[in-house]
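Colleague: Mind having a look at this structure? Questions to follow.
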Amino acid sequence: MSKKNLIVIGNGMVGHHFLEKLVDTPAVTDFNITVFGEEKLLAYDRVHLSEYFSGSTHSDLAMGTAEWYAEHQIDLHLDEGVTDIDRERQVVKTPRGEYPYDELVLATGSYPFVPPIKGNDNPHCLVYRTLEDLDDIRASAKGVKTGVVVGGGLLGLEAANALKSLGLEAHVVEFAPRLMPVQLDRDGGALLKHKIEEIGVQVHTEKATTEIVDGDSARLRMNFSDESHLETDLIVFSAGIRPQDTLARSCGLDIGERGGIIINDQCTTSDPHIHAIGECALWSEKIFGLVAPGYTMARTMASVLNGDQEAAFTGADMSTKLKLLGVDVGSIGDAHGQTPGAKSIRFNDEQAGHYRRMVISEDGKKLLGAILVGDNGPYDTLLQYALNEIDLPESPETLILPESEGGAPALGPDALPETASICSCHNVTKGDICGAIDAGCADLGAVKSETKASTGCGGCAALLKTVVDSELEKRGVEVSKDICEHFPYSRQELFHLVKVSGIRTFQTLIRDHGKGHGCDICKPAVASILATCWNEHVLATDHVPLQDTNDTFMANMQKNGTYSIVPRVPGGEITPDKLIVLGQVAKEYNLYTKITGGQRIDLFGATLSELPEIWEKLIAAGFETGHAYGKALRTVKSCVGSTWCRYGVQDSVGMAIHLEDRYKGLRAPHKIKFAVSGCTRECAEAQSKDIGVIATENGWNLYVCGNGGMRPRHGDLFATDLSDEELVSTIDRVLMFYVRTADRLQRTSVWMENLEGGLDYLKQVVLEDSLGIGAELEEHMESLVGTYQCEWKTAVEDPEKRKRFREFVNAPEKKDPVQQWTMERDQKRPVLESEVEPA
Amino acid sequence: MRERASWDVVCTVDDLIAESGVAVWTEDGPVAVFYLPHRLPALFAISHTDPFTGKNVLARGITGDLKGQPVVASPLYKQHFNLETGQCLEDETVQVKTYPVLLDGQNIRIEVPASVSRTAAA
């Protein structure tokens with residue numbers, strides 16, 4: 001059977017999601033797939049558009065890659081808009097040609113509505129929709145002071161956030177009497193307005209703009225119907241969306257009265273071979289302006305094309321939870337209580353700035369909707385009650401009252417039915433999670449990678465964890481956090497014991513809190529905790545036997561039992577004289593030399609007894625230990641920065657050296673890597689590091705918890721435009737919180753993914769000081785910085801410590817006979833096992 | 001008749017490191033001597049050679065106990081060896097050589113098998 005032609009018009013989030021779902025079905029082999037996109041760029045994440053201004057690039061926001069399209073043999077035509085559909089001949093036309101189709105999917109999305117106001121064609125009147133729009137806004141904002149967003153809805157506030165991150169004084173002008181009129185009621189809107197004004201965005205409600213004219217003190221002046229006016233340098237319209245249905249109209253498909261391509265439950269239009277999904281589609285007289293319903297349509301569409309007779313789009317939940325300009329806002333179901341007989345319970349704490357409203361059914365048994373402003377804490381629980389129509393508890397008000405007043409009973413995972421949706425981004429139900437566990441997923445990470453749950457927006461992370469833990473427990477899987485057989489504690493708990501009881505040695509700790517004599521798991525972990533708490537020398541008598549061999553001998557053991565040496569080269573900056581010393585030492589001891597990935601030089605093949613001699617020479621030349629052997633700060637990689645580079649905007653080398661000097665020697669649950677880039681070109685690859693710093697024109701953007709290696713992970717943007725001091729204190733807090741709470745051998749990336757509440761929680765702790773420990777974390781770091789010593793310097797000066805480096809204590813001159821060498825590319829290397837001649 | 005073994009002095013008490021090991025050279029090759037002061041006896045001697053790699057590194061491993069047995073973990077690939085029997089805990093077919101060891105005044109002596117001692121002497 002020959003393949004059918006499937007054409008998709010539109011390469012936005014929904015169009016892309018549809019393709020992702022389709023390639024997972026067997027039907028994908030039935031089609032030759034062609035995609036047309038009007039924009040020059042691949043589909044990207046519009047939900048996080050405002051991050052584009054705070055340092056994200058198109059590739060951060062991109063949904064797929066050109067390789068992905070190629071790999072699935074999808075013919076992608078970007079920057080090629082479709083001009084006409086000929087339904088008679090079943091072809092689409094573009095400026096470059098005609099393409100036949102058997103099935104056609106319209107995912108053309110929407111366009112921003114610009115109200116018909118006189119003067120709205122001024123070049124500084126803009127919209128907020130695409131990355132190109134954002135580039136225009138950036139250009140218009142250059143060198144000016146003020147910006148206005150017209151529209152106080154969800155996207156409008158996002159746009160205001162964008163203006164603010166460009167350094168503009170931002171205003172929001174809304175026609176309705178309150179912000180977010182669709183999602184919020186009067187009190188909720190008022191609180192949101194108050195909170196947003198607190199952070200410096202001016203809100204003007206009940207303002208109808210009559211005309212836009214030239215301004216006196218700024219470029220433009222907006223005149224309002226109440227005779228007042230506002231001067232501004234640019235205006236961004238974000239007054240809602242309209243379905244992009246031009247193509248559908250011109251080829252005669254059925255269109256709704258106020259726009260939108262009419263579709264049935266199978267997402268099919270009035271032409272059986274043409275379908276529509278996302279914001280261009282009108283289902284049951286509704287346009288869905290959120291991404292989740294669009295994704296649901298995309299999944300339905302993929303199933304329909306796969307021949308699934310049952311597949312149907314049956315509407316979508318429009319509940320939303322988000323953080324707008326730092327303020328939590330949540331809206332669930334029938335938020336306005338429009339269901340006949342609906343009643344409300346309200347909680348309004350003007351002191352704390354929390355507003356919560358529940359809308360309950362006439363009989364008081366079901367939750368119909370809810371509004372939250374200021375704190376989304378109860379959102380997940382409320383959403384489950386509403387979506388799954390779970391019976392409310394006897395005193396439903398406890399669900400929104402603060403915990404101190406009787407305790408909000410969190411909805412236990414057992415109360416959720418199998419059909420409960422846990423992750424709405426990827427449509428994962430509790431049943432799917434149970435299925436994954438039954439199929440062998442034994443921990444949270446495995447469930448995540450099997451079901452994709454919590455890998456979209458991440459909002460369900462905490463809920464997912466409780467469901468997984470509870471299900472594992474039910475199956476008798478003990479979720480043991482014990483570090484090993486000697487201590488019934490996790491690393492975090494051991495840290496507390498050591499810190500709180502002031503314990504300074506392993507022997508005291510195991511005597512008081514453990515059993516037996518320890519092992520190679522708990523000893524190095526405790527050594528690291530002791531080092532973080534008290535910062536004593538790793539070779540102090542009590543600590544020597546705790547260390548892994550690399551820490552004991554302060555060098556990295558290689559496969560033949562010899563060691564490699566990595567002196568610190570802060571920021572990767574090194575003088576010619578120091579380079580010469582490294583060369584001389586390597587030559588004298590016949591060491592193999594290689595440049596590391598962290599901008600240092602690794603010297604291989606030193607024997608145990610040579611280590612102190614080599615270090616004596618390196619120290620004399622001004623080198624310090626590089627801690628390449630430790631679970632500690634490794635390097636701070638940097639690009640050359642504004643000192644030399646034509647594009648650099650800050651001194652990245654200077655900052656890298658400053659950071660490396662500050663955190664060198666810090667013992668942690670695992671190794672830590674940093675990088676500092678001098679501009680957004682990101683030559684230092686900072687986003688793949690535990691701590692990544694990227695220069696901006698105004699300071700530094702901080703990324704955290706990235707990783708290279710086995711499980712690459714892009715760092716998350718944590719804070720923007722920090723001053724030097726802010727950068728250091730923020731890193732102090734993040735690192736110290738990591739060191740205190742992470743598990744043994746847990747990199748920052750895994751640590752963050754396992755934190756309940758994830759990135760948002762970490763931001764609260766570090767940036768908002770929600771636990772009230774910010775100052776203590778900084779003090780602790782400061783004390784470690786103050787007690788730093790070069791471990792090698794201390795060791796070579798102490799004859800007792802040097803004794804440890806004798807290869808054979810009774811035969812100083814004896815060379816280890818099993819170390820055999822050969823030459824390769826002009827350097828020595830160990831003889832491989834396969835090269836040893838049989839005796 | 002069993003030939004008399006030699007008890008070589010391999011080091012002194014000052015060379016030992018509590019809860020850890022040192023390597024000594026004997027007529028039978030490299031030997032690791034461990035000193036675990038909380039145990040009785042407190043001295044253990046096993047081959048310094050890691051049987052999985054053939055490299056001389058065992059004295060540099062971390063000591064401890066697993067299920068009550070005194071052990072050292074190889075610093076290369078972390079297999080555990082019972083310090084009393086030389087048995088590898090992860091692989092029952094692997095065992096390292098053990099040596100009787102005793103404290104004689106300030107000296108640590110190791111009993112080197114007679115056959116080795118004689119060959120070396122010849």
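Any Cβ shown, glycine's included, is placed from N, Cα and C.
Pulled from TrEMBL, these are the listed features:
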type     : residues                       : note
DOMAIN   : A:319-383                      : domain 'NADH-rubredoxin oxidoreductase C-terminal'
DOMAIN   : A:558-620                      : domain 'Nitrite/Sulfite reductase ferredoxin-like'
BINDING  : A:C639, A:C645, A:C679, A:C683 : [4Fe-4S] cluster binding site
BINDING  : A:C683                         : siroheme binding site
REGION   : A:811-839                      : region 'Disordered'
COMPBIAS : A:812-832                      : compositional bias 'Basic and acidic residues'
Colleague: Excluding the flanking five residues on each side, which residues at least 6 beyond the ends of the compositional bias 'Basic and acidic residues' (A:812-832) place their CB within less than 8 Å of a CB in that stretch?
Modeller: 558-562, 590, 592-593, 605, 607, 609, 806
Colleague: Sorted by position, what residues of the same chain at least six away from A:C639 ([4Fe-4S] cluster binding site) have a C-beta under 8 A from it?
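Modeller: Result: A:C645, A:G648, A:S652, A:V653, A:V676, A:S677, A:G678, A:C683, A:A684.
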Colleague: List the residues in the vicinity of the [4Fe-4S] cluster site, defined as same-chain residues other than A:C639, A:C645, A:C679, A:C683 with C-beta within 8 angstroms of the site's C-beta centre.
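Modeller: What remains near the Cβ centre is A:V640, A:G641, A:Y647, A:G648, A:S652, A:S677, A:G678, A:R681, A:E682, A:A684.
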Colleague: Reported in the order helix, strand, coil, what are the DSSP residue counts of the domain 'NADH-rubredoxin oxidoreductase C-terminal' (A:319-383)?
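Modeller: Counts, helix then strand then coil: 5 helix, 33 strand, 27 coil.
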Colleague: Test of understanding: give the count of other CB atoms lying within 10 angstroms of the CB of A:C645 ([4Fe-4S] cluster binding site).
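Modeller: Taking all protein chains shown, A:C645 ([4Fe-4S] cluster binding site) has 15 Cβ neighbours within 10 Å.
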Colleague: Quick one: mean pLDDT on the domain 'NADH-rubredoxin oxidoreductase C-terminal' (A:319-383)?
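Modeller: Taking every residue of the domain 'NADH-rubredoxin oxidoreductase C-terminal' (A:319-383) together, the mean pLDDT is 87.
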Colleague: Mind checking how the region 'Disordered' (A:811-839) divides into helix, strand and coil residues in DSSP?
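Modeller: Grouping H, G, I as helix and E, B as strand yields 3 helix, 8 strand, 18 coil.
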Colleague: Mind giving me a neighbour count for A:C683 ([4Fe-4S] cluster binding site)? Other Cβ atoms within 10 Å of its Cβ, every protein chain shown.
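Modeller: Other Cβ atoms found within 10 Å: 18.
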Colleague: Quick check: in three-state DSSP terms, what is A:C645 ([4Fe-4S] cluster binding site)?
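Modeller: Coil, per DSSP.
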Colleague: Tell me the Cβ contacts of A:C679 ([4Fe-4S] cluster binding site) under 8 Å, same chain only and six or more apart in sequence, or just say none.
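Modeller: Same-chain residues close to A:C679 ([4Fe-4S] cluster binding site) (Cβ under 8 Å, separated by 6 or more) are A:S642, A:C645, A:Y647, A:G648, A:V649, A:Q650, A:I694, A:A695.
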Colleague: Using DSSP, break the domain 'Nitrite/Sulfite reductase ferredoxin-like' (A:558-620) down into helix, strand and coil residues and give each count.
Modeller: 27 helix, 14 strand, 22 coil
